[in-house]
Structure formats: C-alpha cells, structure tokens
Amino acid sequence: MRATLGLPVLLLLVALLIVASFMLGAVPIPLAEILKIGQADFAHSFTLYQYRLPRAVLAVLVGGMMALAGALVQGVIRNPLASPDVLGISNGAGLLAVCFITLFPQSSAGAIPLVALLGSAMAALLLWLLVGRYPSETRLALTGVALAAFFAACIDFVMLLNPQEINTALLWLTGSLWGRNWVQVQLLLPWLLLVPVALLLVKPLNLLALDEQNARSMGVNVPLVRFAALALAVCLSGAGVAVCGPVGFLGLIAPHVTRRLLGSRHQLLLPGSFLVGAILLLFADLVGRVIDPPIEIPAGIVTAILGAPYFLWLLFRIK
Amino acid sequence: MFLFLNFRKILTIVVLAVIASYSAAATVQDSKGEFTIDYEPQRIVVLEFSFVDALAAVGISPVGIADDKDKDRILPQVRDIIGDWTSVGTRSQPSLEVIASLNPDLIIADISRHEAVYEDLQKIAPTLILPSRRETYEENLQAAVVVGTAIGKQEELEARLAQHRQKMNEYAAQLPGHARVQFGVARDDLLSLHSENAYAGGVLKTLGFENPKVSEEGAAYVSTGLEQLLAINADYLIFGYYSNPSIVHKWHAEPLWSLLKAVQDDHVYEVNANTWSRARGMMAAETMAQDLVRIFAEH
C-alpha cells in the first residue's frame, strides 16, 4: 500500500466497519432505517444509541489503544514477538481481577475495571523492579515472559480453587464488548489523551530502531525513551484490558499487519497500528455477533482464532 | 336484618373493587431494593430458567427466554404450559438487541449473571432482578413468590406453592428418608458435588434425605476426586452428566470405585443433569422427586 494513501484508506475501513456494525446483528437494521436517526419514528433507538454505537466506539478505542501499546513495546524491545501480553501486563490485570471476582463474588461488577487497571500497574511495577534501572531488551522480554507465565499459572490456580466463580471470571478473561456501554466509553476517554503523547516518541523510536549505540550517539536518552514508551504502553493496554478484558493477540498482530502495510517508520506505524487495532476489534466483535445470533461470541475468542495461526506463521517465518 | 346484610354486601363489593384497582400495582423487594410496577405485564422476557418455572407455575408465557439457544433446556412440562418463545441468546451473555426488539414490559434477570447489564436492561423495560444461580431451594421458592407478586399473580402463586409443598410431602412419604443421598454433576474432567446448601441438596433434604457433609466451609458446590468421594461414601449416588463419557465413567475402571458403598450396593443412578442442576423451580423439584420415587421403587 502506498504509504501516503495508507492512513486514509485505513480510516475509511474503520468508518465502513462502524456502519456495518450499526446495520448487522441479531436484529438487522437496513441502512434506510438507520438514516432516520433523530426522527420521531425511529424504532431502534435503544439498539443503536445504547448498544451498537457505544460498542463500536469502544471497539475503536480499545482496539486502537491495545494495538498502539503493542507498537510501542515492539519499538523499544525491538522484538516482533513482543506485546503488552508478553510483558505480563494483561495477565497481571487478569490475575488481580480473577482474585477479586473469586474473593468477593457478591461485589458489583462495576469495580472490575479499577481492579484490573491496578493489576496492570502492579505487574508493570514488578517488571520494572526486576529488570533494574538499565534494562536490556532481552532482559525486559525474558523477565516479562516469565512474569506473564507466572501470572497465568496463578490465574489457573485461583480458578481451580473456586470452580463456581469461573463463569464470571472466564467471561471477563476472554475479552468481550458485551454489556459495555457509554459508562465504559467515559472511563476510557481520559486515557485517549495518551495517544498524542505517544506520537511525541516517533523520532527517538525511529532512531532506536537502528540500534542502541547509534541512537545514543544521535542524542537519544535511551533509558528515558524506553521508560516513557513502556509506561505509555502499560497505561494504554491497562485501560483497554480494564474495560474489555484481555483481548488476545491484538497488541501483537495489529502492529505487524501495519508494518507490512505501511512500513516501519513510526510516524506511520503508530497511528496506523491504532487504526488497524480498531479495525480488528470492530471486525471481531461484528463476527462474534452475527455468526450465530442471538448467541454472542466474545470478541476475544474471535481475535484468538484469527491471531493464533498468524502468530504461528510469524514464528516460522522468523526462524 | 335485611338492610344490614345488604350493607355488608355493599361494603364487601366496595372493598373488593378497591383491592382490584390496586391489584395491578405491586411493590416487591428485589436484589437492588424496591421494585414497583403499576400494570400487569404482558410481554415478559426472562433471563434464567428458574423464573420460567415460576411464570409457568401460574400459567404465564414469556415472550423471550435466554435459553442458550437450546429449547430442550426448558423442562418439557414447562414448555407444555408456556408454548413458544423467542430465544434471546445465552444466559451468560443475552443479546440486548433481541430483548429490545421484543418490546418487553418486564424483564426478569439474575443478580449473579446480569448485574453488569442491569442499567442497560432498565433502559429497555422495568427490570426485576433476583437471585437465581447458586440459590438454595428455599430462596428459589421465595423468588418465585416475588415474581408472582410482581406480575399480579400473588394469590395464584401462593396457592401453587402450597400445592407444591403438599406434593413434596406426599413424595417424601413414598421415599425411605434418612438415607445419605449425594447428587453430583459430572463433566469430562470434573465432578461437582451439590451439598445441602445447593438447590438439589435442599430438595433432597425436603424429601427427608440426609446430605453427606462434603465441605467444611459449607460450600454449595464442591469439585471432588474419587478419593474424596470414597471418604464421603454416601449410601446413594445420583449423577447427572453434562458430558458422556464423563470423569465418573472413567472412574468405573479404577479399583477405588468398587470400594464405594453405593457401588457395592448397586445404588448409583443417573438422572437428567439439566433438570437437576439447571432448571430449578417448583416443577423441577417435583420432577426430581418423581425421579427419586421411581429410583427407590425399582430397587
């Protein structure tokens, strides 16, 4: 894809998918009906305003934020297999959320986002403490993978001990947009401010992509850039996970696809990843809703079905 | 004398008329506090099976049920009463757009599963939210009365409840009682025993049976291995299977299995897992009692 055309085309795809997600679902609404929005005889106000619209907005925000987080992490770790999931951020959020669900089954479901966000922050802090002040790329990646595996084991352990609470926990752990509405959109909006902040890192990330020595000689404060990029990634993916649960593979695949489409320069890669992430989550949610209505398949399952083969293909190609 | 009688008649009529005009308005306590409804709902959407049983008990048909897209999960005798309905998806993630498209005037939801979408449901229709999943037998009956009251059928429901209690007493009289009976649901890799604090345990107790102690903390459901099953060693084992073959079938080949008292006495029985674990309600409990009467009559 021509780099200059890339972003507008992706933006158009996002718009098309949003319109499609307005029209399709267990109760299809023809386009002519949707165009009656705001008129008195509009019959689908709940379905559109309270259900499909907030879900589409959330899919764009969460998909975009998780993908951007993935692009940032891959940028500083310079490993195409890195993503916030690999660093243990998502599993940290998952662990604290699952503990909370099993310890306080009677508590309100509205508290889960806050707990999950706290879990991401704790996982990131633990990672930071373990890798020390001047982390090398390998050290970060390996420690992250080890932490992620440890958290995953803890999640399994907690769920095995409390099989009756599994349903609720599993529902959140698969990553889903079901039952989310404008409340979650409001929760996410402040975090959106971090997106332009991430774009400030475009130049140093481009230099860091050469290699650490070169970047340093060009005047890049490598530890600072690394810290800033990782902190941003933690916040972005933590906020996304908090609202929708960990949506598997999104932070990994979206930056990859974007790199193939638009190249590796971060001025295109970062915004491009955001849009590709939005497209992937919109698509996954749409597929989950229309494949076997009225049953809703969580978007996280759809992304995992799409993502796992891609990940394997990637592994073989890198070898 | 004649006048006096007439006056009493008139008074009765007036009182009845006043009651009738208020009968459509009901206030009940649900899991979120006070729930008031000032009409008799005609289009009810139900998101857990136990509430379907309660509606069927007073002959009311819901327009939509979260039936996991499997009509067979509703008991046949309940289906006979309520007729056809629209599926609104799974109980865990019902499709709100299908619910909205049915234009309901009352939604009955489960506090355990649907609290996260309570506000959304209320935007569609007044929502009565009550415990269903993990409820005990008595809690289930109380919830049924609340449902009956909310739909303006309190008297009918209480009459049905009295009939239910009497039926259960009759079934209890046909059963030996005092035996230690343990019910469990088996999946491919997990056996979950239902204790005295689970729905099925409550039904067994009502029928005069003894629930073996399966958990120190009084948990309702306890996942159990073969060794623990032997330690509990109930007189009768009743299993429902969510998958077949299940973990229990795999145990048949193990030496420990033949040491179980219930196995040695040939007292291991299979029942419908859906009826015994998912359905929950007066008709479900009566069906369970009939299952037991049949089992004990045959042996």
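All residue numbers here begin at 1 and follow the chain in the order shown.
Note: Cβ is positioned from N, Cα and C throughout, glycine not excepted.
The shown structure was predicted, so the numbers you read here are calculated from the model rather than taken from an experiment.
TrEMBL lists A:56-77 (among others) with the feature transmembrane segment. With a threshold of 8 Å between CB atoms, the same-chain residues lying at least 6 positions outside the transmembrane segment (A:56-77) that come near it are 14, 17-18, 21-22, 83-84, 86-87, 137, 140-141, 177, 180, 184-185, 188, 191-192, 195, 198, 201, 205, 208-209, 225-226, 229-230, 232-234, 236-237, 239-241, 243-244, 247, 250-252, 254-255, 258, 266, 269-270, 273-282, 285, 299.
Away from its own ends, the transmembrane segment (A:86-104) comes close to residues 73, 111-112, 115-120, 122-124, 126-127, 140-141, 144-148, 150-152, 154-155, 158-159, 161-162, 165, 168-169, 172-173, 230, 233-234, 237-238, 241-242, 245-246, 252 of its chain (Cβ-Cβ under 8 Å, at least six residues beyond either end). Per TrEMBL, the feature transmembrane segment maps to A:86-104 (among others).
Residues annotated as transmembrane segment in TrEMBL: A:110-131 (among others).
Long-range Cβ contacts of the transmembrane segment (A:140-161) within its own chain (Cβ-Cβ under 8 Å, at least 6 residues beyond either end) map to 76-77, 79, 82, 85-88, 90-92, 94-95, 98-99, 102, 123, 126-127, 130-131, 169-170, 173, 230. The transmembrane segment annotation in TrEMBL covers A:140-161 (among others).
Per TrEMBL, transmembrane segment is recorded for A:181-202 (among others). Long-range contacts of the transmembrane segment (A:181-202) within the same chain, counting only residues at least 6 positions beyond its ends with a Cβ under 8 Å from a Cβ of the stretch, are 50-51, 54-55, 57-58, 61-62, 64-65, 68, 72, 75, 110, 113, 225, 228-229, 232, 235-236, 239-240, 242-244, 266-267, 270-271, 274.
The transmembrane segment annotation in TrEMBL covers A:223-248 (among others). Under 8 Å from some Cβ of the transmembrane segment (A:223-248) lie the Cβ atoms of residues 58, 61-63, 65-66, 68-70, 72-73, 75-76, 84-85, 87, 89-91, 93-94, 97, 112-114, 116-117, 120-121, 124, 133-135, 140, 171-177, 180, 184, 187-188, 191, 194-195, 197-198, 201, 204-205, 208, 281, 284, 299-300, 303-304, 307, all in the same chain and six or more residues away from its ends.
Proximity of distant same-chain residues to the transmembrane segment (A:268-287), defined by a Cβ-Cβ separation under 8 Å and at least 6 residues beyond the stretch ends, is recorded for 3, 6-7, 10-11, 13-14, 17-18, 20-21, 24, 55-56, 59-68, 70-72, 75, 177, 195, 198-199, 201-202, 247, 250-251, 253-255, 257-259, 261-262, 297, 299-300, 302-303, 306. Taken from TrEMBL, the feature transmembrane segment covers A:268-287 (among others).
Here the transmembrane segment (A:299-316) has Cβ contacts under 8 Å with residues 59, 80-81, 173-177, 244-250, 252-253, 256, 280-281, 283-285, 287-288 of the same chain, all six or more residues outside its ends. Residues or ranges marked as transmembrane segment in TrEMBL: A:299-316 (among others).
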